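Novice: Questions regarding the structure given below will be posed in turn.
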Amino acid sequence: MRLKLLWVGKTQESWVRTGIEEYAGRIRRYLPLEILEAREEKGAQAAAMRERECERLAKLIPKGGRLVLLDERGEAMTSPELASFLSKNRDQGTQDLVFAIGGAYGFTDQFRSQAFKSISLSRMTLTHQMVRVFLLEQIYRGFTIINCEPYHHE
């Protein structure tokens, strides 16, 4: 299985980039990981921005990729539940598991309809920059759970 992370806009803060690099490196010990950025839309109405950003994200999804949205409306999961989700996808032969983080105005309904699953990291509002690090850390944590490594504590 290959993992792809898609998000809108460049990572602005150096400390966020450092966190991304740290956890991306750890994840790559378990499987291939690719991070792709879709250009952020500026200067338009919210609906138009959302539409254009989702079009750009859609172009980055490989054919047959299983799309998972990070969305405030998504299903809340525990870390062990995410680990189970990752493990099942790997064991069932998913070639590309694609996690997408939307822009400031989220996803269009059409883009949401393409998703295999939608998950939420928190009921609180998180910045789109910080979600990148949180998602990577949770994916890494998931693989340590799968491999019975001493990182996650219950």
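Yeah, the Cβs are placed from backbone N, Cα and C, and that goes for glycine too.
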Novice: Given Swiss-Prot annotates G102, L121, S122, R123, M124, T125, L126 as S-adenosyl-L-methionine-binding, which of L70, L82, L86 belongs to that site as well?
Specialist: L70
Novice: 10 Å Cβ neighbour count around S122 (S-adenosyl-L-methionine binding site)?
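Specialist: A 10 Å sphere around the Cβ of S122 (S-adenosyl-L-methionine binding site) contains 10 other Cβ atoms.
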Novice: Secondary structure at G102 (S-adenosyl-L-methionine binding site) (DSSP, helix/strand/coil)?
Specialist: coil
Novice: Select one residue from L70, L121, M124, L126: among these binding-site residues, choose the one with the most other Cβ atoms within 10 Å of its Cβ.
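Specialist: Answer by Cβ density within 10 Å: L70.
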